[in-house]
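As recorded in Swiss-Prot, the features of this protein are as follows:
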- 66, 69: Na(+) binding site (BINDING)
- 1-21: transmembrane segment (TRANSMEM)
- 29-49: transmembrane segment (TRANSMEM)
- 55-75: transmembrane segment (TRANSMEM)
- 87-107: transmembrane segment (TRANSMEM)
């Protein structure tokens, strides 16, 4: 039954990411993907520190946050931003450093 809940949670996370993706058209920086990835990292930190059940953690962190965050879209967007080095490096730094900070902030809560 955990697999079913995990799949549902993944779909819900992907749906949330889809709504954030609307912000990608309004900015040079893909803000929707950045927000989705940082939120997913933060939530993984929160779940890591506050969810005791391994099954519930798997559903929330692997399922929901796995569907919410996106490594492939991030790298596709980075490839598209290569022509503007300043935006490229800003996005790369914000995503990876911001992701680590977000996880630690989630753990600290």
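Positions of Cβ are set from backbone N, Cα and C atoms, glycine also.
Comparison of 1-21, 29-49, 55-75 by number of C-beta pairs under 8 angstroms to the transmembrane segment (87-107) places 29-49 first. Annotation for residue 69 (Na(+) binding site): same-chain Cβ neighbours under 8 Å, separated by at least 6 residues, are 13, 17, 36, 37, 40, 41.
Sequence-distant neighbours of residue 66 (Na(+) binding site): residues of the same chain at least 6 apart with a C-beta under 8 Å from its C-beta are 10, 13.
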